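TrEMBL annotations:
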BINDING   Gly107, Ala108, Cys109, Gly110, Asp111, Thr131, Thr132, Lys143, Lys152  NAD(+) binding site
BINDING   Glu185, His247, His264  Zn(2+) binding site
DOMAIN    71-180  domain '3-dehydroquinate synthase N-terminal'
DOMAIN    182-325  domain '3-dehydroquinate synthase C-terminal'
Amino acid sequence: MESITVNTHGSSYDVHIGEGAYHLFGTKYHEFIRSFDQVVVLTDETVASIHLDLLLQELKPIARQLSVKRIPAGEKAKTIENFYDCQTFLLEQNCTRKSVIVAFGGGACGDLAGFVASTFMRGIPFIQCPTTILAHDSAVGGKTAINHEDGKNMIGTFYQPAAVIYDVRVLTTLSEQEVRSGMAEVIKHALISNPDWLDELMGISSFDDMTMVELKRHLAYGIAVKAAIVEEDEREQSVRKYLNFGHTYGHAIEAAGGYGSITHGEAVMLGMVYELIASERFGNVQKGFTDQFIDYAKHLGYPFPTINRLPFVELLKYMEKDKKASFGAVQFALLDQVGKPFLQVIDADELERLDREFRDRVGETK
Ligand SMILES: NC(=O)c1ccc[n+]([C@@H]2O[C@H](COP(=O)([O-])OP(=O)(O)OC[C@H]3O[C@@H](n4cnc5c(N)ncnc54)[C@H](O)[C@@H]3O)[C@@H](O)[C@H]2O)c1
Ligand SMILES: [Zn+2]
């Protein structure tokens, strides 16, 4: 079992990752769980149907009272209606300020559950039990959110979990697409932090070949990168913006394509290629490296043809609406080199030129 401590201004918590991590409920977290009048598990209905027993067999013997609220699977969870429905459930269960929420699902479930926890009676503790690879990222760092029909993640809070308990046994049931999505964020963490680790990741020719031991190690590295950045800049005033590498163009692809047609991580992979090309222009990334990276990403099955149905003007509209845009300029996290991120404002003309180059180059490479 590996543990990483995250120290933020208001709190300090541990992220535990390993096979059998849920056993920690009965050991390290036994007294903590006993200190609550109720434990409410908010869970993605798909995850619950496959894995809920694994969690409940640990929680049942120790919780004073335990209830389970199933929420719709995936992104559909993050609506104001589901938020309200969860609040109603907590009230109906007579939850109090001495109750705790356990989020059991991927990033969508974690984002909703965190937002519910941060607002119920002005805030009650919550524990993240992430069940996707992508959620190695979303479960750490304390961003919670639901979506508004005019924008994703537009309603939310910064609210740190009390612990993150990441039992990798549940990851074996993820679809190929969800593995690809999550691994894109792992690769992002390597790109912004560590050339040697990136070399190792670029040696993977199929995610199917990764052993659980290797996957766990990559996830622990990713969590450590995220934790270090969040500790330095919890509220995204400075270095936390580096985590947005690949996300400015990536979010535009996700939004313009319609959420659900491409996963978050897949869109981020396309965004990272665009932003590597921008990093050639504004930093010192070599063209040869980007081309090698494009071949790698294509070989792993990232869906580059998606771009063909998304005109630049559509993407620009979303980039200009990005939360990270300020005073009309679009700000990007780029790389001077692998492991050395920096921030760069780019104007619309340059964005269009880069967009043309991106389309040419992902069309050309094998
Ligand atoms: N808070 C943050 O810092 C942060 C960071 C990155 C992403 N996010 C958010 O995370 C969300 C994406 O998270 P995600 O990629 O985990 O997606 P998700 O939560 O939508 O899950 C993806 C799909 O996988 C299924 N699933 C989950 N775990 C499974 C398992 N173990 N076995 C089989 N199926 C499983 C889900 O039912 C769902 O259909 C987005 O809403 C994004 O905005 C938040
Ligand atoms: Zn992301």
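Here, residue 1 is simply the first one shown, and the rest follow in order.
Just so you know, glycine gets a Cβ as well, placed from its N, Cα and C.
Curation does not apply to TrEMBL; its annotations are automatic.
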Subject >> Spatial separation of Lys152 (NAD(+) binding site) from His264 (Zn(2+) binding site) - C-alpha basis, Å >> reply: 11
Original post:
When the Cβ positions of the binding-site residues Glu185, His247, His264 are compared with the atoms of ligand 1, which fall under 6 Å?
Top reply: His264
Original post:
Which binding-site residues from the set Gly107, Cys109, Asp111, Thr132, Lys152 come near ligand 2, judged by a Cβ under 6 Å from any of its atoms?
Top reply: none
Original post:
If you measure every Cα to Cα pair among Gly107, Ala108, Cys109, Gly110, Asp111, Thr131, Thr132, Lys143, Lys152, the residues listed for NAD(+), what is the largest value in Å?
Top reply: 21
Original post:
Within 8 Å of the centroid of the Cβ atoms of Glu185, His247, His264, which other residues of that chain place their own Cβ, given that this set defines the recorded Zn(2+) site?
Top reply: Leu134, Asp137, Ser181, Ala184, Lys188, Gly246, Gly250, Gly265, Ala267, Val268, Gly271
**OP:** Please work out the helix, strand and coil residue numbers for the domain '3-dehydroquinate synthase N-terminal' (71-180) from the DSSP assignment.
**Re:** 48 helix, 32 strand, 30 coil
**OP:** In three-state terms from DSSP, label His264 (Zn(2+) binding site) for me.
**Re:** helix
